[in-house]
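As annotated by TrEMBL, domain 'FMN hydroxy acid dehydrogenase' applies to 13-372. Look at TrEMBL and you will find Tyr39, Tyr145, Arg180, His267, Arg270 tagged as glyoxylate binding site. Residues annotated as FMN binding site in TrEMBL: 92-94, Ser121, Gln143, Thr171, Lys243, Ser265, 298-302, 321-322. Annotation comment: TrEMBL describes His267 as active site, proton acceptor.
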Amino acid sequence: MNILDSSGEEGVCVEMTMVCLSDFEEYAKQHLSKATWDYYDAGADDCWTRDDNLLAYKRIRLRPRILRDVSLNDTRTSVLGMEISFPVGIAPTAFHCLAWHEGELATARATEAMNTCYIASTYSTCSVEEIAAAAPSGYRWFQLYLYRDRKLSEQIVRRVEALGFKALVLTVDVPYTGKRRNDIRNQFKLPPHLKVKNFEGMFQEQTGSQEEYGIPANTLDPSISWKDVCWLQSLSRLPIIIKGILTKEDAELAVEHGVQGIIVSNHGGRQLDGGPATIDCLPEIVDAVQGRVEVYMDGGIRTGNDVLKAIALGAKCVFIGRPAIWGLAYKGEEGVREILQILHDEFRLCMALSGCRNVAEINRNLIQLSRL
């Protein structure tokens, strides 16, 4: 990136120093096309929930402990019994090739290098086979939608199980796609050279029909219900994690149906506008499940301080969506690694400054809810 010297003349090309995640956000906004930026940035309707996912962290204060000997800090934790380097993974986000030519392959390699969890999206622009080959030692889960044609879902479950993916993340908050106004204004479509690779060739008989985010419209099944969790359990031995729970009532039902995890998520504010921020929902869901299943969270994580607050409120791990895209837009695999490294370093620093020597010492006593 060229910069101006003190005289106002254009100077030597100097690489921008990326200090925090907002630096990557600004870079991505400047360098992605308007339609692509709008797609990633979009929330539903007025974007209140998208924005509140961020603002909610500002209502939470920390109660740091002092004189605790934090000369050694251990950020490691585990998810579903697998140790990861720190409690931040990559959430399922679609169409990574819009941000970087290698797309999901770069994301998979970055998370493998950082020894954390990557949830690959159904709507990937690289296939699950390509993702597995790109990072053969990576720890991966697969995010799943259920379609009116259950054979589509069944086929991809068989594929990811054979490829060594370690869990199915069933996304349950999209019986219909939320109204994202800028996508409508931009008439957003994938460019012709990109496809939803996991379903390549499966919709040929519907060529020419109206599409919605890369596949024929009305493919998602709005009749999805708890009985489909049982169907998935009959189909695969992989652990099932439900993504999109925001209430204690649904958390209790998830436990009753034998799932292994819950991701507290409002889809980045892209589905129902006016719903709660995910960090505000987290405590009641943690209390409802009482340790019977692991609870994770996504939405609004931008700093290591945010990670610390979520872990203190009971999340086993948090997942980032949009920031991974910003990292891709910046430098592909290296950019995603930088995003994760910044969060790791910030998290470790916040732990130490709060008097926590390891993740096990982070608990709700660290949290003070603001009265503002």
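Any Cβ shown, glycine's included, is placed from N, Cα and C.
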Other than its own, how many Cβ atoms are within 10 Å of the Cβ belonging to Arg322 (FMN binding site)?
-> 21
Listed in sequence order, the residues of the same chain lying six or more positions from Lys243 (FMN binding site) whose CB sits under 8 Å from its CB are Pro92, Gln143, Val169, Leu170, Thr171, Val172, Asp173, Ile262, Ile263, Ser265, Asp298
Spatial neighbours of His267 (glyoxylate binding site) that are distant in sequence (at least 6 apart) but have CB under 8 A | Thr171, Asp173, Val174, Gly178, Gly244
C-alpha of Arg302 (FMN binding site) to C-alpha of Tyr145 (glyoxylate binding site): distance in Å?
-> 27
Within the same chain, the residues at least 6 apart in sequence whose Cβ is under 8 angstroms from that of Tyr145 (glyoxylate binding site) are Thr122, Ser153, Thr171, Val174, Leu220
Taking the Cα atoms as reference points, how far is Arg180 (glyoxylate binding site) from Arg322 (FMN binding site) in Å?
-> 16
Far apart in sequence but close in space: which same-chain residues, 6 or more away, have a Cβ under 8 Å from Tyr39 (glyoxylate binding site)?
-> Phe95, Leu98, Arg180, Asn182, Asp183, Asn186, Phe188
Sequence-ordered list of residues in the chain of Gly300 (FMN binding site) that lie 6 or more positions away and have a Cβ within less than 8 Å of its Cβ, or none, is Asn53, Leu54, Ala56, Tyr57, Ala277, Thr278, Ile279, Asp306
How far is it from Arg322 (FMN binding site) to Arg270 (glyoxylate binding site), counting Cα to Cα, in Å?
-> 12
Going along the chain, which residues six or more apart from Ala94 (FMN binding site) have their CB under 8 A from its CB?
-> Ser121, Thr122, Tyr123, Ser124, Thr125, Tyr213, Gly214
Which entry in the list of binding-site residues, Arg180, Arg270, Arg302, has its Cβ near the fewest other Cβ atoms, using 10 Å as the limit?
-> Arg302
